[in-house]
Amino acid sequence: ESLHSCFGLLGISAGSLLLAVHFYSSPGAAPLIPSTALGILLLIFSALLAYAGIRRSLRNSSLLLSLCLTISMFWCGYGVTFILAGQGVLGDASDLRDAVGPGLATFPVALLPVALVGFLCREPILALIAAATSLASAHDVALRHRPTLGSSAVACNYLLVSLLGGYFALGRILCFLSKGKIILPGTDVAKRKDPEQPQSSGGSTNPFAATGLLLNMVSAGVFGCRLLGITSKLFLGQVPWLWAAGIYQLGICILSYRAMDVLMATSFGFTSILKFAGGYCLLYPTWQPQEPSFPTPFLVVFSILFAVLALFLALRSPVDGLYLLVYVASCIALACHPKGFFEAGPQGVAMAVFVASALTALIHLYNGTASAKIPTGQGAVKALLAHNTFLKLREGPDLHAPSLGYSKYGEAEALAYACSVLASFALTMPGDPQAPLATVVIPWVVVAGGILKLLGGSVAFARGKTLESSAFILYAVLWIIWGFTRYGGLHGTIRTFHATVGIVAFMLFNGFIVFCTLFLSITWFFYSFTFMLVAVSFFLDAIHVLPAGYDLAATLIFGLVSFYCFLSALANSTFEGPCLPMGGPVVQLGGVGGGTSKCLHLPARKASSVRRIADILKDGGTCGIPTDTVYVLVAACNRPDAVEKAHRSKRQAQDRPMSLWISNLKQLEPAKHLFTPLLWDFMEAAWPSPISLVVPRGEWLDFLGMKDSAKYVGTPQSIAIRVPDCSVTTHLIDLVGPIVVTSANPTGEADTTHHNQVYAKLGDQVDAVLCDGPSPENIASTVVDCTKIDSGSIGFFRVGIIPKSQVTFLCIALLVL
């Protein structure tokens, strides 16, 4: 147990106490805490709860983070609503009731699954907090409609939540600080620990999925409450609920990528767009009396994207796939009523979304907490595809293993490609020049094409995909700028020289990306080239020579190419093998792009990866591995064919011979009598470290099983030997035996300080790369000449990470002793 759960409980207790003080007043009297101050304080506590939910206790992961993040989001929306009321934006009490009604009505229902699962899974602390908070919110919304209930009763409910949260938090803090010696009654979690923690059979689980589903209830509740009569109108005061849910859903999207759940993260990205669009529709009437309209073609495309994502998600979990079909119906309902966002049809589908989100969240919460599972149909899909040789699902703990071995995020390219599809089809809508904001395009272009593509670019950069991330970020910036200027009323009939220069600058940057994609893949080349066509349409429009229909054709072509990329990203992350290939590079240069498809890339943090590398070396392979300095190319000493292969792949120069590495000096114990006492003492003092010692060749090599490999190592007179100060490398040597080592770069080039550079330089000439991200040092080892150490002198072939003075001092100390 950690103190993060205590921070969450204390945050709930403090926020509830604020609300209790706010409501504790006589009828007709002013609140004890002003609305603006209360709103700001609620925002502060919502940030604290968000931190506690993300940095959750390991044991209560799913329930605690769902409780903290859900309450955090509702208090965020509630706080902004109080600030609007305090600043006079909301006119009277009826406006305040209509503003807070949807959130307060959704809040109790959203917390019920958390409370129910808490009671069923023997988590009474979280269950009681969730149930008490749900009851207080229900009493709060009832007070808004029936003032005769009295605000003091609502204050008592919030006070109960505050006391419960404070008591349990105090109990956990005392237990933690006293190491279990002081335990308040009912707060001893250790006695209720289950012997077996629930594990997923399908690899890593996504503990954030339930929270994302609960957030979907908010937007559905805003429009559903109007249908049910809980609110009398839809207006500006309900925008905080929608946009707070959208912002939190973007966070859940990022956290889902951290959980390697690519499909659910993509779905949360899609639903966040709808939340921002809904908030925009409620905000628009504040400056224009007319009702905004949705672009029908765009909604049809959005429904297709939802349907495709639902199909792939159903292959993993049919329940989740069926759930997304409700959003397909929602997009179709909006397309049928482009100006009827407030009509009964879309609102009826919103109620279906509300119910489906609650049920699906309950299933995710229960399956993530309990040892028994509610069937989701995953086994049936596996059995159906078991005998299919063409479509084979990816399974196991490495379902979404980072392609670069060290990234903490799943692949986000599918979301980025989908955003390109949405933004391109949104640009096909001309809009009304007199009222450009009346067409709901800005959420699609700015949020979808801009913010979410920035997210995809950031995740791609975190995974080491520099070119892809640069393209996504560049396109995101252009979508944001063009979306605001064209559909935000900033783009009039007069074009300026500055706009033309800016578009030309974007075209120059994208021209460089198009050139680089020639060495990446055919699909990426077409993706970047068709975007250049879109940029050209912007340029032609800026200089008043845009041909009729060119911009429409360019955006449609780019949208279709993006849609294929979206399908390919989903298929290649779901099935084994390239079902929809991205194609190889258009131009193939030596070493560029070759390693990504020919050699294995295994994360160094996994012991199974090190064993896999060891097996490859034992079978005569060559591998790139991390060390205590830079990356190196290695082969097993007892495999002369592998040593010859490494020598040939490096085009080894005579003045830079290959060296020999061992895991510890005990491997040379049988040959200790063949070394002079001073040299042996010097090796004991110097290792393990990034110091290579050049010693005379001799019969001691036979004790290491070198055999025919010896002719490729060192020079005829001497050989360099080292014990690295790296646990991964020494463990590998323990599994394989002594290894032959050379730098992982062609002779004459700079040292390799990242496994991505190993791919680029030697990827098509090695069998595997053990990935550990950036090297701990950018400088190679120090090479010391010990062939004349018995005469009292040493030399230096290379001064590396260990300075010359330190090595010299060590030698002098041994001579003195």
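Using N, Cα and C of the backbone, Cβ positions are placed for all residues, glycine too.
Note: TrEMBL annotation is automatic and uncurated.
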Per TrEMBL, the range holding transmembrane segment, considering 208-229, 318-339, 406-427: 208-229
Proximity of the transmembrane segment (110-136) to the transmembrane segment (552-572), 3+ C-beta pairs under 8 angstroms: no
Tertiary contacts of the transmembrane segment (208-229), as residues 6+ beyond its ends and Cβ separation under 8 Å: 53, 62, 65-66, 69-70, 73-74, 77, 101-103, 105-106, 109-110, 113, 238, 241-242, 244-246, 248-249, 252-253, 255-256, 259, 261, 264, 268, 271, 274-275, 278, 323, 342, 344, 346-348, 350-351, 353-354, 357-358, 360-361, 364-365, 368
The transmembrane segment (294-315) in contact with the transmembrane segment (63-90), cutoff 8 A, at least 3 CB pairs, sep 6+: no
